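Participant: Handing you a structure now.
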Amino acid sequence: MGAKIGCHIPAAGGYAAMVERALSIGADTFQYFTRNPRGGAVRAYDGADVQMALQGMRESNMTAIVAHAPYTLNPCAVNPRARSFAQQAFCDDLQRLQEFPMALYNLHPGCHVGQGIAEGLDRLVEFLRDNVPEDCQTVILLETMAGKGSELGGDFSQLRYVIDRVPAHVRLGVCLDTCHVFDAGYDVRDFGAVLDAFDREIGLARLKVIHINDSMNPLGSRKDRHAKLGEGEIGWAAFVTIAREERVAGLPLILETPTPFEERAEEIARLRAAATGTN
Ligand code: FE
Ligand code: FE
Ligand code: ZN
């Protein structure tokens, strides 16, 4: 199966417009924010727009999209206001995603803000247990994080802890962000070794999406500043290896690099050529 390559797309204009925008730059998958990362406001539901988007996806063989929760959604918050925003946004997102059977819902595991890692992880387990409906079909992805500040998810074992404790109806996968894991101390320049560690600690079957970003900072820096592929501390060679790695073949590779939209087509084409060995 060829690599599915896409990028983060501005959500403006509705679902059908996003699909069209993704196709116009040669993407066969894409990611969008379910709502403005800074606030809770979300566009009104438009059934006709959703149907048009689904049709556009079917016609173009776009079989996976990634809906990214706002990064202000902190699923392990104890502060009542933050917790109620998290619950409301999460439930509303999941409800809308019922319309998109091919959508994966990407979530940051959150920040423990002083509770400590163990408490934070238990809050996250509770949050998923209490807010994912019994009949939810959407696969929820926990994203690997850089571990800056009180961020959870900077270590594969933390994700494993959560996966092991949620009830059976919560379908959990993992999104591996190359910049984040590198900043957390996993050297993705030896991608095979990172996948081995992932397989040991979480299980490769849980890996559903790769966020493909270079990092502005060195290994283990816990910073989370994305760079364009080949312009950061990870370097281009690693991305060629990732794009050709058998064990992740067919997974959506989503670019979240600081690349202007006008240059996306070129960036995607370059990575696609690397994946197929034509450059
Ligand atoms: Fe993210
Ligand atoms: Fe990411
Ligand atoms: Zn990031």
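Including glycine, each Cβ sits where the backbone N, Cα and C put it.
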Participant: Out of His169, His180, which is the one TrEMBL records at the Zn(2+) 3 site of Asp224, His226?
Facilitator: His180
Participant: Looking at the Zn(2+) 2 binding annotation from TrEMBL, with Glu143, His211, Glu256 already listed, which candidate in Asp49, Asp92, Asp93, Asp177 is the matching residue?
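Facilitator: Record check against TrEMBL: Zn(2+) 2 site with Glu143, His211, Glu256, extra candidate from Asp49, Asp92, Asp93, Asp177 is Asp177.
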Participant: Other Cβ atoms within 10 Å is the metric here; tell me which of the binding-site residues His68, His108 scores highest.
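Facilitator: Within the set of binding-site residues, the most crowded position is His68.
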Participant: What is the set of residues, excluding His68, His108, Glu143, whose C-beta falls within 8 angstroms of the centroid of the C-beta atoms at the Zn(2+) 1 site?
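Facilitator: Same chain, not in His68, His108, Glu143, Cβ within 8 Å: Ala69, Tyr71, Asn106, Leu107, Leu141, Cys175, Asp177.
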Participant: Near ligand 3, which of the binding-site residues His108, Glu143, His211, Asp224 have CB less than 6 Å from any of its atoms?
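Facilitator: Once distances to ligand 3 are taken from each Cβ, Asp224 fall under 6 Å.
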Participant: Out of these binding-site residues, Glu143, Asp224, Glu256, which one has the fewest other C-beta atoms within 10 Å of its own C-beta?
Facilitator: Glu256
Participant: What subset of the binding-site residues His68, His108, Glu143, His180, Asp224 lies within 10 angstroms of His211 (Zn(2+) 2 binding site) at the C-alpha level?
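Facilitator: So far as Cα distances go, the binding-site residues lying within 10 Å of His211 (Zn(2+) 2 binding site) are Glu143, His180.
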Participant: Among His68, His211, Asp224, which binding-site residues lie by ligand 2, judged by Cβ under 6 Å to any atom?
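Facilitator: Listed by sequence, the hits are His211.
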